[in-house]
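Taken verbatim from Swiss-Prot:
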BINDING   Arg24, Gln25, Ala26, Gly27, Arg28, Phe43, Asp74, Tyr151, Ser206, His323  substrate binding site
SITE      Asp74  site 'Transition state stabilizer'
Amino acid sequence: MTDKTILRALKGEVLPTPPVWLMRQAGRYLPEYRATRAQAGDFLSLCYTPDLAAEVTLQPIRRYGFDAAILFADILLLPQALGLDLWFETGEGPRMSTVTSMEGVKGLKGKDDIHDKLAPVYETCKILSRELPKETTFIGFAGMPWTVATYMIAGRGSKDQAAAHKFKDTDRAAFSALIDAVTVATIEYLSKQVEAGCEVVKLFDSWAGSLKGQDFEDFAVEPARVITAEMKRRFPGLPVIAFPREAGQGYIGFAEKTGADCVAIDNSVSPDWAAENVQKGKTCVQGNLDPSYMVTGGQELVEATKKVVAAFKNGPHIFNLGHGITPEANPDNVTLLMETIRKG
């Protein structure tokens, strides 16, 4: 029996106190993160400098004692390794060169040619597997093919993923080839993370909610199923957390369809609904406090936290936010969150 509570929850154990970690727990809300990022010079340099990436991963563990650390990286490192240019515009977010044709898909690097660029990420994993406290679970991650493809097609983030939908609907063959290429590369990327020490992998599909009907099945469910099945074939017993953000009704049965051990849910659905329809006493659920409470704090944070814990108490549960913690969050509110959960 492991003493790592997150691994126990992922195996379906119902724990008296849910284990906790937060998406983007290593981030700009922490002064120590801002100092380390300044030392790195820019965001991508931080991702590609193993000592500094490991340091920012460890900072929230030291400060709060979270039950898991998640590798500090970015979902767009993979398309960069596939050969696209990636840069960050101040105040604007990521920008990339684009893939908008079958010719562009064929021009991507092969799955075995991505590792030189990603070698610093694997080195970060090795450092963390040595330095993390023995009770802390180490989570690796990647973006899911649909979400990664939306950036590769548009060259930037967008609210409606219009460019990706247009490509999908006008050149299905090229779009499907792109999804397949990203799927294959994602498996190789995650495999190297696990070989370097990650104990769990999380699949982030941040824009899954924009896929409807059969498209959701084809481009959110199916890639998650393929990736999960192959990762479990290569690494028997490896737990997988899937996060099809804003899937709504699509959360129902997602674990069963994909083989994921846990479904992470956002805060657009209520904890009670998710407990009844997704968790059902047996499926591990991760989530789903509204990140805005990390900004506002106070008694409202305490009550909302207790509500999430109470909703999921009869099944396996990992406490997290419904989305990443924001730069405006107050570090003291995270302390209050942890005290509220741990006191029960």
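Cβ coordinates are placed from backbone N, Cα and C, and glycine is handled just like the others.
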Candidate with the highest Cβ count within 10 Å, taken from the binding-site residues Arg24, Arg28: Arg24
Longest CA-CA distance among Arg24, Gln25, Ala26, Gly27, Arg28, Phe43, Asp74, Tyr151, Ser206, His323, per record bound to substrate, angstrom: 23
CB contacts for Asp74 (substrate binding site) [other CB atoms within 10 A, all chains]: 17
Arg28 (substrate binding site) - helix vs strand vs coil (DSSP): coil
